[in-house]
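The compositional bias 'Basic and acidic residues' annotation in TrEMBL covers 506-520. Residues or ranges marked as domain 'Major facilitator superfamily (MFS) profile' in TrEMBL: 20-462. Under the heading region 'Disordered', TrEMBL lists 506-535. For 16-33, 64-83, 90-108, 114-136, 148-172, 178-199, 280-299, 311-331, 338-359, 371-395, 407-425, 437-458, the entry in TrEMBL reads transmembrane segment.
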Amino acid sequence: MARKPRRYLGGSGERLTVWISLAASTVLIFYGYDQGVFGNVIISQNFLDTFGHPSADMQGTMTSIYNIGCFIGAMSTVWTGDILGRPRQIILGSTVIAIGAIIQASSFSVAQMLVGRIVAGVGTGMNTATAGVWQAETSKMSSRGKLVIIQMANCITGFSISNWLTLGFSFAPKEVDWRFPLAFQIFFTFCIYALCPFLPDSPRLLIRKGRYEEAYEVIAALQGHGATPDSPSVHAQFNIIKDVLDREHMNTYTWWQLLTGHGPKNGMLKRMILGACMQMFNQISGINVTSYYMSYIFINALHISETLSRILAAAGSVDYLIFSFLAYFVIERFGRRRVMMTSAFACSMCWMVIAIALARSDAGGDQYKLGIVAVSFFFAFFASFAMGVLGVPWLYPTEINALEVRAKGASLAMATNWICNYAVVQATLPGVQNLRWKFWIIWCVICFAFIPATYFFYPETANRTLEDIDRFFESQPGLLVHRNKLATQLSRPEIYIEEDERIARENMEARDRTDPEKGGIENIEEEAKEETKEV
């Protein structure tokens, strides 16, 4: 008797994928809100009065120490991510953030605020290292990139919410203007509690842990269209995943073997480094200069009033949000490589114009007109960044890392993200004060450097299954990939389609040998192709 498909929150198929995407996106809204809220809090006079008007260096430390917590949280998922599974790891991270929010909102001393920032950061690090992996491992090849882009757009939704909320509460009495925005983080924890307990874990993780029956149920639920754990298409996808995992000799090597290159020859270390460096690109682009300190920069670098600075920062967040959603239409159509390089070039040009405008202003030029130019290109930077450098570095580590160590690779990538984030946020306030217009040249040069790095070292991951990427690295392609057609073509390579058909055909032959009533093997070739299309 055929087993009935298990139904999770929202049912099965595309609807279930949407619910998982919603839960993962809530994590990114959470992150975006946290990223934007504190930079708007520290310009509040009530906040400064409460904490004794800390210096610029101390304000930078209070803001950036959050990223040290994020680094610790991301690294912790190297060990806990696979043990807890994706949904439970996110529930734990969200609980930790709520505790951090309570500590921050009730703070009366710098020391207490620093502790709250670190605790909230630990939870955010856990969540951001997990959500993208969960999304990628439960998505179809054709929609994986788009769904992660939606996640990042929701990250900017959180960032925009923090800007408008702090703008509104800047008119609130006494300390409410900064305590409520910090306490509001708890709302997102309750959203996670309402979603994650009722959603499935990654089928790839379940297979790796030997929980095969549960993996069949999850694959069937994700496929939808009446699929059951006994459906041929479910068994075909299960066998494709398991075939790759078996070839990786799961759990037969140590971290020392991995790091010294004596483990499996499928480029795991190289892939971890590629994912981590791509996350580094995201953070050292200069985006966190604007995300954390937009209002501060408008006040101190462009000499705009506090209220107008808050309004411009909030308007900039809407510009950022709109273009982050527009990236949905280009990420699959043009691929990761082309989108990343184009976006990096545009970001570099924006920083160049900003540096020129501020240099002319410092030299005695028309401060009002040059301020308009600088603000306009801050807005242009948000748009340019949102179209590529925002989403690709978050998507890439979830795709590039080997199936067996995808959670570990994503954790290391996120740890790199957060330590670079800390360095940028810590350096920004002294940089704005001491280097003035020269500070912006740094980001111009760095963004331009992303172009050759992406062109020479990063293979295309669009229009590939996660198993295709494993197969590519099993061929030991070498360090430079710009002349490798398998690495750079946008369409899915035919060799990988044929490999999936072979595995599906062998699976059907084995099934038909054990159950002659299935109809023999005369139509295996065509049926295998159909099953591969479904997968």
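Glycine is treated like the rest: Cβ placed from N, Cα and C.
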Problem - Rounded mean pLDDT for the residues that make up the domain 'Major facilitator superfamily (MFS) profile' (20-462) - result: 85
Problem - Proximity of the transmembrane segment (16-33) to the transmembrane segment (114-136), 3+ C-beta pairs under 8 angstroms - result: yes
Problem - seg_contact(the transmembrane segment (407-425), the transmembrane segment (311-331)) with at least 3 CB pairs under 8 angstroms, min sep 6 - result: no
